[in-house]
Amino acid sequence: MHSDAPTPVANELSEVSHLAEGDNASFSAGNFTVLQLPSDPSHCIDYAIPAGTLVIVDPNNPDNNRTVKLQAPAVFRPQCALGGTRAPAPRPEESFPDWSEYQKYHHNDRRDPFYGSVTPIAYTIAASTVTAWMLLIILFLSRKPSPLFQKIAVLITAVSLTVFLAQATDTLESQYNEGYQNAYELRHKIMGGWAFRILQVITCVITWLARLQVVIRLFDVPKINTRLAVVGSTLIFTNATIWACLNLIPPWSQYVRNAKSVLPVFGALCSLLLEVFYLVVVVIYSISKRKYAYSRTSIVMAAISWLAMILPMVFIVFDIAHYWIAGWSDFIRWTADAAASVVVWEWTNVIVYQERREQRQSVLGRQVYRDEILDFKGDNGGGTVGGGRTKYPSRMEEDDVPFRSSPNDHHFTSNIPTSAGEGQSFQFFKRARLPMYSRKIWKIARGESAASNNTHYEHAIIEEEEEESIERNRRTPTVQENGEEDDEETYDEENDQYSQDNHSSVHSFESSRPSQHPVPSSGGTRAVGHTHFPLPGQSEGAHTTSPAAAAAAAEPEPEPVAGPSGGAAAHGDSDDDSDNSDDSSLASFTVIQQTGFSVDNQGVPEYDADSAPPTFEPIPGFHRQDYSDAKG
């Protein structure tokens, strides 16, 4: 638009700048057009103007319209009262004939870089929203259940990003209709509202709680899980408190930073510390399971998991280094934080599946640690929680033992006849003598085949230096594949018969009372080992004998019974003249392995539908009254 107003000289740019002051001032030049000049002093910017005719139009006051003839390229600088953040340059049009002249002096145009424009913001919001909804669909379509916090975190992330995408679309459409693009306005429209600030704090807490669930699943040792939970919870709520102060307490804001305040930097460092903590824990787990974590079938899942864990750390560093990246990197961080829990959880499922499949095909089975308690009460306490953590059985309701148990006790349930009647539950508790940190190695025997349903657990051997001398003098009974114990036979000259010296392990005790040999039941049972337990209130060297036990000892010795495989019985006769007669108060029972009972790869017993749970067959002559007499 040209006017007939008098043309001022070319060097009167100060007058041009003065006339351009105003909220709705606009001007046009030969090569491009600015529809509206910035009215906020913080939006001041220099505009490169090539040679040509410059027409200044003031819609509020047409009398102020001026036309300037520029003989050479120039720079238009509004006389703003204050300096501040520069707004992007006006939108040029390549259709103008002097576009090449404008390109020559493009270096004078102080527009924001491309990564600070509206384009990265639009792309990142759209891509992050699509990724979040895909994660949510995968999470709910998965056959295995996912943690509750994980579902809530992904759902909130997907809904929040959808709301932000709608706001960004409306703002970009408004700017397009007015003929300009302003990244600052777009960021302020999305991130300046209370919805974004509140959702950011809530999503931060729930997402990190979902990650904490993943961390707790990775380790089966309860003490390690407790420590990780305490450290992780402390870091999570500290980080949430910092970001709540930055977003909810004015005048602090995440994007309007005060150089004198260290709170934004401290919050970023706290977030970085959380990311490192999560990464280190997952790396330790993946190294311990490297055979399964980085196999050919799981290498793709491992790469995606690493990418999801590293991306938030990279963008946190970028946010600290450069201001403009914070305008769109937050959306990537939101999606990456949600994916870091979902993808790592699925990666763990792949690792556990491969490990279980190999353990079912192997001979040794799975490892059992010191802190794990194997529950043999069937459906009452068996089973696992999450990804393989052993479920700790509580004190059993039907237990009428007159002393209380602790989490360190080993539970052995028996079908010993009690005063309440035949078949009532009876339970022995063997107190753990060694500290919690000592590990337990279970001797495992396989019967007839290498399948996991033939796994039998024997006595526990404690790896302690002070027990080395005891281990050299004692031999732990082993279980052969036919179910019989390999005991040494000695000749008793006085009684003119052979007897077997039953050596006990660290946690077992010998009884001088003649041992009785169980007869296999019709269900195809097999004796897999025997354990002797002292009665409560009696020590190993006690010299007291209950009347019932004395009567049982006076009974005639039965004939040896053949074992399940047709050979001699696993237990022989002990020496009647030995010095161990003071141990007659010790109760002895034999574990009977029934057909259909198996131990799965998690160390939890499983039963077939047509078979009964495993029982403990007592020594004949030992009754519940003996237990009461011994305790009294």
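Cβ from N, Cα, C; glycine included.
As annotated by Swiss-Prot, compositional bias 'Gly residues' applies to 380-389.
Feature annotation from Swiss-Prot assigns compositional bias 'Acidic residues' to 482-496.
Annotated compositional bias 'Polar residues' per Swiss-Prot: 497-524 (among others), in sequence order.
For 546-571, the entry in Swiss-Prot reads compositional bias 'Low complexity'.
Annotation comment: Swiss-Prot describes 590-601 (among others) as compositional bias 'Polar residues'.
The compositional bias 'Basic and acidic residues' annotation in Swiss-Prot covers 623-632.
Summarising the annotation, Swiss-Prot assigns region 'Disordered' to 380-419 (among others).
Under the heading region 'Disordered', Swiss-Prot lists 462-632 (among others).
The topological domain 'Extracellular' annotation in Swiss-Prot covers 1-120 (among others) and rests on sequence analysis.
According to Swiss-Prot, the feature topological domain 'Cytoplasmic' maps to 142-145 (among others), an assignment based on sequence analysis. Sequence-distant neighbours of the topological domain 'Cytoplasmic' (142-145) (same chain, 6+ residues past either end, Cβ-Cβ under 8 Å): 346, 349.
Annotated topological domain 'Extracellular' per Swiss-Prot: 167-189 (among others), in sequence order.
Feature annotation from Swiss-Prot assigns topological domain 'Cytoplasmic' to 211-228 (among others).
What Swiss-Prot records for 250-264 (among others) is topological domain 'Extracellular', and it gives sequence analysis as the kind of evidence.
The topological domain 'Cytoplasmic' annotation in Swiss-Prot covers 286-297 (among others). Tertiary neighbourhood of the topological domain 'Cytoplasmic' (286-297): same-chain residues 347, 350-351, 354-355, 358, selected by CB-CB distance under 8 Å and a gap of 6+ residues from either end.
As annotated by Swiss-Prot, topological domain 'Extracellular' applies to 319-330 (among others).
On the 0 to 100 pLDDT scale, the model's mean across the topological domain 'Cytoplasmic' (353-632) is 47. Annotation comment: Swiss-Prot describes 353-632 (among others) as topological domain 'Cytoplasmic', evidence class sequence analysis.
For the topological domain 'Cytoplasmic' (211-228), the DSSP counts in helix, strand and coil order read 15 helix, 0 strand, 3 coil.
If one looks beyond the transmembrane segment (146-166) by at least 6 residues along the same chain, the residues whose Cβ comes under 8 Å of a Cβ in the stretch are 125-126, 128-129, 132-133, 135-136, 139-140, 190, 195-196, 199, 202-203, 206-207, 209-210, 212-214, 331, 334-335, 337-338, 341-342, 345.
For the transmembrane segment (298-318), the list of distant contacts is 268, 271-272, 275-276, 278-279, 282, 286, 292, 325, 329, 332-333, 336-337, 339-340, 343-344, 346-347, 350-351, 354: same-chain residues at least six beyond its ends, Cβ to Cβ under 8 Å. Put simply, of 190-210, 229-249, 331-352, the stretch with the most CB pairs closer than 8 A to the transmembrane segment (121-141) is 331-352. Counting residue by residue with DSSP, the topological domain 'Extracellular' (167-189) contains 19 helix, 0 strand, 4 coil. A Cβ distance under 8 Å defines the sequence-distant neighbours of the transmembrane segment (265-285), meaning residues of its chain 6+ beyond its ends; these are 208, 211, 214-215, 218-219, 228, 231-232, 235-236, 238-239, 242-243, 246, 293, 305, 309-310, 312-313, 316-317, 319-320, 340, 344, 348.
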